[in-house]
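For reference, TrEMBL has these:
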type	residues	note
COMPBIAS	46-58	compositional bias 'Low complexity'
DOMAIN	77-509	domain 'Major facilitator superfamily (MFS) profile'
REGION	1-67	region 'Disordered'
TRANSMEM	76-100	transmembrane segment
TRANSMEM	120-142	transmembrane segment
TRANSMEM	149-169	transmembrane segment
TRANSMEM	175-196	transmembrane segment
TRANSMEM	208-226	transmembrane segment
TRANSMEM	232-253	transmembrane segment
TRANSMEM	319-341	transmembrane segment
TRANSMEM	353-372	transmembrane segment
TRANSMEM	384-406	transmembrane segment
TRANSMEM	418-442	transmembrane segment
TRANSMEM	454-475	transmembrane segment
TRANSMEM	481-505	transmembrane segment
Amino acid sequence: MELETLMEEGASPGPGSREGDAPTADDGTRASLSNGDKAPHRHRQQQQQQQPQQGQEQLNSAAAMKSNSERPRSSLNLYLAACTVNMGALAAGCALTWSSPTLVKLENGDTGMKISSDQSSWVGSLVTLGAAIGPILAGLLLDRLGRKNTILLSMILSAISWIIIGAVPGIFSLYVARVLAGIAVGIIFTAVPMYIAEIAEMRLRSSLGTLMQFFLVVGFLLEYIVGPYTSYLTLVIVSLATPVLCFGMFVWMPDSPQSLLIRPGGEQKAMESLRWLRGNPQETALIKELEEIKKSVDESKKQKSGFGELFSNRGNIKAVIISCAMVAWQQLSGINVVLLYSEKIFLKTGVELSASVSTIIVGTVMLFAAGLTPTLAKITTMRMLLYISAIGMAITDGTLGLFFYLQESGSDVSSIGWLPVTSLVLFIITYCLGFGPLPWAIMGEIFPTNLKSGASALTASFCWLLGFVLTKLFSAVSDAIGIYSVFWIFAVCCIFALLFTAFLLPQTEGKTLQEIQDILHGRNKSSNHKMTRA
């Protein structure tokens, strides 16, 4: 009985014993439970008292970490970087439309230098020739200098072009300046979308991507508003301020993490860039995102990405044809002719409303249309927007051609003097809804990741080269066959754009990149892929 009692009482180890040890002394008594060394006993008591406190501290620390990780990220720095880099798009908009209010003054000799109609066509069109060179230069510099430094270089070229225009008289210096301005424009059109795509969070990529079109139109409107009512030199100074402002603001922004990782030893700088852009010092999320970016960069390095790969197989060739065709229809709608020669076009209408006011109206409408496009893109399909755009541009180009035909045939057009402005306003709206931004979005979808850089340079160069041909020949062709014939040709091209979209443009919406590549290459989807999609 005594043994049983001892076992029952000693079933749980005392404070001075280890679990599983006998509770008795060598002589069989229980004296060791009460008379043993009390120092270890007190030490263990203190440990037991400290354990709840340590447990509470750990809970508090875990709660703090959870609260920190759940805190929403601040997007302020990201939007700041996106807006400052898109000041370059504003500068590009000024360079493109500077000729609209200025060529009239140059042809009239109001600036102290009088130029001929042929020289005027060169001044207006050389900016698009330079823009065809810019993407090629950007392709060579983006990885070597980084996205940020390439964009800053474009602003330096833009500023130099304005200084030449304002300080160096003569038609030849004007030609050189316009080519330099065009090169800066071409670099901007290539580098800014790439920078935005690389710094943006996934959830904000679409909204940030639309900023470029908005800032570009702001540049258009700035030239349309300031140009007609100020001197030649004043407009140059205002235009010069845009690249200077962009440089002064963007120089403080970080380069994209991808750009920094491409260069040796750039991992620490990439982490600092990402930390600033995300506006949240939570290291776990930043490390995870940086690892994903590193993985993407490493995979891109392993894949072939040379220019020749664009023509290495049937699927890539189809993608090149589709991409170039879409920007060709964009240019053949007459958009650059309207933007670069809008004031001259309105002067030809002879209506009571002044050409400068008409141009401002067109620019204002374009600004609102550019802001409306992202919203419409969310509630309808890309293909439907292209249909609406092509039909609208065909009707408005045809209507404008009809007005000029009636005018040149001697008919009284005073009762329909509102028609040119209305037609161009509707043309701008329908252009901005579809064939303005969407060809570039399609280009981003139909090329694999490792070929997007080369494809972007090729497509942009082709786009601007075609724009140069159209803007250079506009005046000569208008004089030869009549301006009404030119706009009717544009209208026919818009009809062809509609047919191309309906019958030859592949359906890319709602499809993965692999599915789009399967369509272009004529491959059948595997059963496993179908199951994954289902």
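Glycine is treated like the rest: Cβ placed from N, Cα and C.
All TrEMBL annotations are machine predictions without curation.
Within its own chain, the transmembrane segment (454-475) has Cβ neighbours under 8 Å at 117-118, 120-122, 124-126, 128-129, 131-136, 138-139, 182, 185-186, 189-190, 193-194, 305-307, 309-310, 319-320, 323-324, 327-328, 330-332, 334, 336-337, 340-341, 443, 447, 486, counting only residues six or more beyond its boundaries. The transmembrane segment (175-196) makes no contact with the transmembrane segment (353-372), as judged by fewer than three Cβ pairs under 8 Å among residues 6 or more apart in sequence. By the Cβ criterion (distance under 8 Å, sequence gap of 6 or more), the transmembrane segment (384-406) is not counted as touching the transmembrane segment (353-372), fewer than 3 such pairs being found. Within the model, the domain 'Major facilitator superfamily (MFS) profile' (77-509) shows a mean pLDDT value of 85, rounded to a whole number. The transmembrane segment (149-169) shares the most Cβ pairs under 8 Å with 232-253, out of the stretches 76-100, 208-226, 232-253, 353-372.
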